[in-house]
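Undergrad: Encoded as structure tokens, here's the structure I'll be asking about.
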Amino acid sequence: MMENHQIEMGAIKANGLEVPNGGLRSSVMPSWSLHKPVGRVLQSIRTVIFTSKLNLLMPFGPATLILYYTTNWHGMIFLFSMLGITPLAERLGYATEQLAIYTGPTLGGLLNATFGNATEMIIAIYALKNGMIRIVQQSLLGSILSNMLLVVGCAFFAGGIVHRNKDQVFSKANAVVNSGLLLMAVMGLMFPAVLHFTHSEVQQGASEVALSRFSSCIMLVAYASYLYFQLSGRNNSYTQLGNEEMPNEDATEEDEEIELSMWEAITWLAVLTIWISVLSEYLVNAIEGASDSLNLPVAFISVILLPIVGNAAEHASAIMFAMKDKLDITIGVAIGSSTQISMFVIPFCVVVGWMMGQKMDLNFQLFETATLFITVLVVAFLLQDGIANYLKGFMLILCYLIVAASFFVHVDPQSSDDD
């Protein structure tokens, strides 16, 4: 067998030498040209599917479909779909990073802004289509809280334990800009809530929706300005911090290996987005049934459990970078993701709801708005000195446990009115 294989390879080589310009004969070309793309496809599948340990959860996706069509176990359908989406969200982030290598920093930043929280957006749009406005609001709020408290807390704690003998430092300027945007988002959410609870609307019900739509457009403009400022005007604005940030950025470029071609990355983005969309529909449809079967409040499922799905990638990468003493990247991943959701995804959902005819607004109710406001203040105070250690991380994790306990005993007033 080996001799025949060597003879065939020798024939190919001989044919290649005989043909001018190094070309191969037509009899050999079809098998050779077919072998190369097939091998490339297999290599791409191996890279995306088999290199992440989190992908062990992928079989839960098909299992969700089987459960949905054969049983009425809404609790199991919800848990299986949540577990099935988790590795897909992580791989979506990986494919986006691979594509960003080819597009350059500006377009790469826009891609990360769009696809970085694609899972949250897809789940939100499906819930919005079904009229589940409160689930949209609470799941997006939960993503912000999870990123700011749990992800940053775990990253600071893990980085602080690994680097116990020193305080880790990060760029104060970036942290201040992100904190400012988060406070602006809180302002955007607070005024419709205050308008509603003080009963000072010009037109009952209509004024807060109109204000929310106007504020959403303003927030989208502000986020676009932030992206332009960050990607284009960064050198002028952060010259004093150049020495701090450049080593981390260089290290990031060294860590980034080109493992997928541009078209492979685009194809995987499309495939993963479609598969996440399919599972998101089953996830959203099972939320209310899961609340009854698991005996958990819908608010707790939306604010605490759902964000675990979308934040899997941020959680893993933020901890990894913190352990490598790259805190600027950790802050960019976790706080940057919170900024994206608050200043881009939430206003985007309001605009999409406007197009769908759904009255999605920025009135997140008093309890949720107060929780977000206090969280932003706590995190802003802890980030203002540009120093991280395990104590700060432990404090943020404990704060998240308080938030989780609060939503476990919280009954949504709007849902109770509807019942």
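The backbone N, Cα and C atoms fix where each Cβ goes, glycine too.
Per TrEMBL, the feature domain 'Sodium/calcium exchanger membrane region' maps to 76-231, 266-407. Marked as transmembrane segment by TrEMBL: 66-89, 109-128, 140-163, 175-198, 210-229, 265-284, 296-323, 329-354, 366-384, 390-411.
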Undergrad: When secondary structure is assigned with DSSP, how many helix, strand and coil residues does the domain 'Sodium/calcium exchanger membrane region' (266-407) contain?
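TA: Reading the DSSP string over the domain 'Sodium/calcium exchanger membrane region' (266-407) gives 118 helix, 2 strand, 22 coil.
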Undergrad: So if I exclude everything within five residues of the ends of the transmembrane segment (140-163), which remaining residues of that chain have a CB under 8 angstroms from its CBs? That is, six or more out.
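TA: The answer is 117, 120, 124, 182, 302-304, 306-308, 310-311, 314-315, 318-319, 321-323, 325, 327, 330-331, 333-335, 337-338, 341-342, 345-346, 349, 364, 368, 371-372, 375-376, 379, 388-397, 399-400, 403.
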Undergrad: Find the member of 175-198, 265-284, 366-384 that has more C-beta pairs under 8 Å to the transmembrane segment (329-354) than any other listed stretch.
TA: 175-198
Undergrad: Using a Cβ cut-off of under 8 Å, list the residues of the same chain at least 6 residues beyond the transmembrane segment (265-284) that approach it.
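TA: Apart from its flanks, the transmembrane segment (265-284) reaches 44, 48, 61, 64-65, 68, 77-78, 81-82, 84-85, 88-89, 91-92, 95-96, 98-99, 102, 115, 118-119, 122-123, 126-127, 130, 132, 135, 306, 309.
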Undergrad: Under 8 angstroms, Cβ to Cβ: which one of 66-89, 175-198, 296-323, 366-384 has the largest number of such pairs with the transmembrane segment (390-411)?
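TA: Comparing 66-89, 175-198, 296-323, 366-384 against the transmembrane segment (390-411), the winner is 296-323.
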Undergrad: For the transmembrane segment (175-198), give me same-chain residues lying six or more residues beyond its boundaries with a C-beta closer than 8 angstroms to one of its C-beta atoms, as numbers and ranges.
TA: 144, 148, 207-208, 211-212, 215-216, 218-219, 222-223, 226, 230, 331, 335-336, 338-339, 342-343, 346-347, 361-366, 369, 372-373, 376, 379-380, 383-384, 386
